[in-house]
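> The structure under discussion is supplied below as structure tokens; questions concerning it will follow.
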Amino acid sequence: MSVSELTLLVLRLGFLLVLWLFIFGIVYALRSDLFGQRARKMQADAAAPVGAPAAFPSAVTLPPASSASAPTEQFTARPSPANAAADDKATSQNATRLVITSGSKAGTEFPLTGDSVTIGRSGDSSLVIRDDYTSTHHARLMLWHDKWMIQDLDSTNGTFLAGNRLTVPTPVPLNTTVKIGATSFELRR
Amino acid sequence: MPASSNRSTTTDAPERPLGTGRVRRLHLPQKLRNLELFLLLLACGINAATVVLVQLGALGRIDTTLVLLGAGLSVLVLALHVVLRVVAREADPFILPIATLLNGLGIAMIYRIDLANEEYGWASASVRQTAWSALAIGCAIAVILIIRNHRVLFRYTYVAGFVGVALLLLPLVPGLGREVSGARVWIGVGSFATFQPGEIAKIALAVFFAGYLVRNRDSLSMVGKKILWMRFPRLRDLGPILVVWALSMSVIIFQRDLGTALLYFGLFLVMLYLATGRLSWVLLGMSLFLGGALIASQTLDYVNGRFQNWLDALNPDVYGADGGSYQLVQGLFGLAKGGLIGTGLGQGRPEITPVPQSDYIIASLGEELGLAGIFAILALYLLLVARGFRIGFAGNDDFGKLLGVGLSFVIALQCFIVIGGVTRVIPLTGLTTPFLAAGGSSLIANWIIVAVLLRLSDTVRNQPRLVV
């Protein structure tokens, strides 16, 4: 033996120590894992509106988007969908979120930013609706001259705005139901 | 870092609703992949240190030829890492280092047993294990490159089921099947290249179960008679569970492989529970399996012998009998010799136990690394399985959820069956310890599982924000 017993003992203990350091390194890294943060954020988005769909929109989860004129106090004072002025078109100023009003995820909210929102069954849509009535690329919500417009992308079963099937890109009023397949949603403040 | 230059151009492909989300995505991948690289280098370092310690302990000098073993594995996993940087930038950063470390520890221990048995070159199991690792990591790279989205697998649900059953039954084909130490679970062509198709079958069956349950879980969970507080399924919905039960029982009877049967049936039960959330299915399934196993233990002497060895291991008659508990008890003696911190790598005598490099690798590692080492290995498995569960938990689509949890549960259950068998918690059944044990088919299957989990974790993070 060219290596002394003592060296081997030290190496042996050192090896076990390094093995455990590796494990604790992983556990330490898991603590700040971004996976967890993201999941928490999703939960906060989804959980808040399910409990109280209209009363307390989750102001916390709203992005600090372009909605400078939509302070949080307005949410509680917001007129109910029924008596909302029908010609109050949704603009980038007054619409901050998309709320699913019927379907399996009713109550879920989706924050609106300046970006257009694609809706469809395909995985690359912003809002994915997986049911038998939705086309792969079904419709698109976009800002046109600062107004939210909805455009049907030649879908099979159509997109309905307040019960009427869309043929041309149409401005979306606030609090008005847009129906796609078994899911309907509204744009709200 | 090869992929860092084109990262910014490939990030903004589909339209995302959140401007902030897109900005965050730009910064995340480097962080995840760099963390992975750091852990990977650490794992490779530990692997090299293990080989060096084995040589110091067993030979008293450092032999450079077999440090190549560690280097070979390192190059391969780094290649996989580079592939991830390009095609799965947001994959989980912990899975690959953990799998690498387990694989490397396994190779070092197999090498240690080769030294004791004085086997070198292609005759030695460690060189073959390294070659199999290369093949397995190659398969993993191929899977990551080919399967760009796990939902593709959903289309092939029934194909996967058929492939799984076919692979499972392949060893029964005359002329192709091989019988090794009592169990007919191998196939081979000529005298070389034996392969255990059942290992690959578990992946195919996991895909099938996930797809089948996503399609049919409503009828499985909603209807049926209510007895006491539990809702029991209708007979026509009971079909699949009975088919799988019959299948796993026939595996026991015709292939004499209790472990594989337990693995498949456990996998099915867990996924069924996951999909329906009904405890009644689990109770029903467990009672079916226990009933079947009980009957098998009474009627098949192969199973009966295993029970004897387990319950009465230290009885001199059982110990000395042909096919008795000699192996089990030698493994236990080895573990006892190891004690808290082990005899030191290369300084124990794990080669006394029969097949110390495959079924009993845990006993070999336990002897030389001690309780501290065994617990470290178990913690690695725990972290690996926990990552898999986490991926399933964070996923949005049910197929991905079921697949992720199912595949990681397979690893967990297999560990429990083998390590529980070696440590005499349950009757011993021949299964391989994932990543550690010598055996090509098991390595390939487990690395493919790693690849699928990595792919799943990448798609989970890239998912759209809202799926209805």
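Cβ coordinates are placed from backbone N, Cα and C, and glycine is handled just like the others.
When I checked TrEMBL for this same protein, it listed these features:
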type: COMPBIAS; residues: B:1-12; note: compositional bias 'Polar residues'
type: REGION; residues: B:1-20; note: region 'Disordered'
type: TRANSMEM; residues: B:37-60; note: transmembrane segment
type: TRANSMEM; residues: B:66-87; note: transmembrane segment
type: TRANSMEM; residues: B:94-111; note: transmembrane segment
type: TRANSMEM; residues: B:131-147; note: transmembrane segment
type: TRANSMEM; residues: B:154-173; note: transmembrane segment
type: TRANSMEM; residues: B:185-214; note: transmembrane segment
type: TRANSMEM; residues: B:235-254; note: transmembrane segment
type: TRANSMEM; residues: B:260-276; note: transmembrane segment
type: TRANSMEM; residues: B:281-300; note: transmembrane segment
type: TRANSMEM; residues: B:369-390; note: transmembrane segment
type: TRANSMEM; residues: B:402-423; note: transmembrane segment
type: TRANSMEM; residues: B:435-456; note: transmembrane segment
> With a cut-off of 8 Å between Cβ atoms, can you find at least three pairs linking the transmembrane segment (B:185-214) to the transmembrane segment (B:281-300)? Only pairs 6 or more residues apart in sequence count.
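No, the transmembrane segment (B:185-214) and the transmembrane segment (B:281-300) are not in contact.
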> Are there residues at least six beyond either end of the transmembrane segment (B:131-147) with Cβ under 8 Å to its Cβ atoms? List them, or say none.
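Result: 72-73, 76-77, 79-80, 83-84, 87-88, 103, 107, 153, 439-440, 443-444, 446-448, 450-452, 454-455.
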> Establish whether the number of Cβ pairs under 8 Å between the transmembrane segment (B:369-390) and the transmembrane segment (B:154-173) reaches at least three, counting only pairs separated by 6 or more residues.
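Contact absent: fewer than 3 Cβ pairs fall under 8 Å.
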> Looking only at residues six or more beyond either end of the transmembrane segment (B:94-111), which have a C-beta under 8 A from one in the stretch?
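Counting only partners 6 or more residues beyond its ends, the transmembrane segment (B:94-111) has Cβ contacts under 8 Å with 36, 39-40, 42-44, 46-47, 50-51, 54, 66, 69-70, 73, 77, 80-81, 84, 124-126, 129-130, 133, 345, 350, 357, 361, 364-365, 368, 377, 380-381, 383-384, 387-388, 433-438, 443, 446-447, 450, 453-454, 457.
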> Counting only CB pairs under 8 A, let me know which of B:37-60, B:154-173, B:402-423, B:435-456 has the most with the transmembrane segment (B:260-276).
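Selected stretch: B:402-423, with the most Cβ pairs under 8 Å.
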> Can we call the transmembrane segment (B:402-423) and the transmembrane segment (B:435-456) in contact, meaning three or more C-beta pairs below 8 angstroms at a sequence separation of 6+?
yes
> Should anything in the same chain at least six residues away from the transmembrane segment (B:435-456) have a Cβ under 8 Å from its Cβ atoms, list it; otherwise answer none.
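Cβ under 8 Å, 6 or more out: 84, 88, 91-92, 95-96, 99, 102-103, 105-106, 109-110, 125, 128-129, 132-133, 135-137, 139-141, 143-144, 147-150, 195-200, 202-203, 357-359, 361-362, 365, 377, 387-388, 391-392, 395, 400, 403-404, 407-408, 410-411, 418.
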